[in-house]
Amino acid sequence: MLICFSSSHRTAAFDLLDQLERHAPAVATALAEHSELVTGSVVLATCNRFEAYLDIDEPLPAARAVSAETVIAAVGNAAGIDADLLRSSSRVYCDDAAAEHLLSVSSGLDSVVVGEGEIAGQVRRALTTARQAGTVSQDLERLFQVASRTSRGVKNRTGIATAGRSIVRLALDLAESRVSDWSRMRVLLIGTGKYAGASLAALRDRGVADVQVHSPSGRAEKFALSHGVTAVPAGGLGAALAHAHLIVTCTTVRDYTLTPGNFGQAQQQDGIERRLVIDLGLPRNVDSAVAELPGVELLDLETISLHAPVAELNAADDAREIVGAAAAEFAAQTAEQAVKPALIALRKHVFDILDAEIARARTRGDSSEQTEAALRHLAGVLLHTPSVRARELARAGDAQRFADAAETLFGLRIEEAPVHPRLIAVDRVTAS
């Protein structure tokens, strides 16, 4: 059974998402420790959502509520969040609904800005991280691969990518009313990751030329060289803040990058009456108390999300149609898994009889390679129609009818499908 625990901008306050993101590694570890229940897990933590996709070793519908409560308790304990608060701030999707939700998420349909392009890469990286940790089951691997293919299909076949704007560009759009001339703006960029690159590109599109970069992790020099900007030297953050009209933060550090104390020198700077700080980080990069400083305005993800535009309806509808079709096909393929044990048993039964007859013919000297090949081909032909019919029944939810018929007609003993083991990361295999 697949379960998705989802807490996002649609269901939770950004403070709660902030706390969940900070504890993402602990949550992933806690979920993996429930090996008696969880056979696979992938944790997706982005700037506006926290989700855990789980493969649960319990197919009975009655166990869904118990499994969901177990997941909520594990997440709450690992993140230090009350279970009742977590329950009221999240949604739990099961099986087909969980699959369709991931396909919608990876295609940008569930984002703050519908159609934003960053989420597809974040979904892929979440899968990579889970692979490295050895927590991906075969069913989760298949689901996430379908999600990646679906997001590519949505991007290539609809206009949703252009209808929606990225978080970075939306933030700068909101800042437009505060800026009279982008070419004269002095900008401090804090962070050197993917969002920093996207922010720099968006700033340059608006004509910004004076950009300094600061990195809490010490990567400013490398970023500056590759992007043609100025690196803030060690100990130079205060001076850089004093120089800047606009500060954009987009780091993944756990602690605040900017607090009111960082602005002491900047507050004394002449000539800058108002500074705008755009916080694109989650966890938050900027202490909310910064907004109380005179002459400082703070624009954070929570504020940005309130202004997210509605996507062009046609593009969104086309994207949803693609996602719906992909989700239906995934559900159908998943349903086919239920008939596999019966098909395997039937094929084994037929080919065991065939092998026995060929062996008897050989003892009589009546066999030839051509005859054996013809008989094996005939067996395959005879099995084709029952195999097709079995999959059709499975897709219609009637897999048990085929299993019952096979048991009745052929006296087969059909074993239950084994639980898929977790997929071990390649580097772990080679290292052992």
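Numbers here mean position along the shown chain, with the first residue as 1.
The backbone N, Cα and C atoms fix where each Cβ goes, and this holds for glycine too.
Pulled from Swiss-Prot:
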type	residues	note
BINDING	Thr46, Cys47, Asn48, Arg49, Ser111, Glu116, Gly117, Glu118, Gln122	substrate binding site
ACT_SITE	Cys47	active site, nucleophile
SITE	His101	site 'Important for activity'
BINDING	Gly191, Thr192, Gly193, Lys194, Tyr195, Ala196	NADP(+) binding site
* Whole-number Å value for how far Ser111 (substrate binding site) lies from His101 (site 'Important for activity') (Cα to Cα) -> 12
* To do: Compute all pairwise C-alpha distances among Thr46, Cys47, Asn48, Arg49, Ser111, Glu116, Gly117, Glu118, Gln122, the residues listed as binding substrate, and give the largest one in whole angstrom.
  => 15
* Around the substrate site (Thr46, Cys47, Asn48, Arg49, Ser111, Glu116, Gly117, Glu118, Gln122), what further same-chain residues have their C-beta within 8 angstroms of the site's C-beta centre? -> Gly108, Val112, Ile119, Ile167
* List, in sequence order, the same-chain residues at least six positions removed whose CB sits under 8 Å from that of Gly193 (NADP(+) binding site)? -> Cys250, Thr251, Thr252
* Structure fact -> Smallest number of other CB atoms within 10 Å: among the binding-site residues Thr46, Asn48, Ser111, Gln122, Thr192, that is Gln122
* Structure fact -> Most isolated by CB count within 10 A, of the binding-site residues Gly117, Gly191, is Gly117
* Asked: Over all shown protein chains, what is the count of other CB atoms within 10 A of the CB belonging to His101 (site 'Important for activity')?
  -> 22
* Asked: What is the interatomic distance between the Cα atoms of Tyr195 (NADP(+) binding site) and Gln122 (substrate binding site), given in whole Å?
  -> 12
* To do: Take the C-alpha atoms of Gly191 (NADP(+) binding site) and Cys47 (active site, nucleophile) and report the distance between them in angstrom, rounded.
  => 15
* **Other CB atoms within 10 A, centred on Ala196 (NADP(+) binding site)** => 24
* For the recorded positions Cys47, Lys194, Tyr195, the one whose C-beta sees the most other C-beta atoms within 10 angstroms -> Cys47
* Quick one: of the binding-site residues Thr192, Lys194, Ala196, which has its CA closest to the CA of Thr46 (substrate binding site)? => Lys194
* DSSP three-state call for Thr46 (substrate binding site): helix, strand or coil? -> strand
* Asked: When you average the Cβ positions of Gly191, Thr192, Gly193, Lys194, Tyr195, Ala196 for the NADP(+) site, which other residues in that chain have a Cβ within 8 Å of that mean position?
  -> Gly197, Ala198, Ser199, Cys250, Thr251
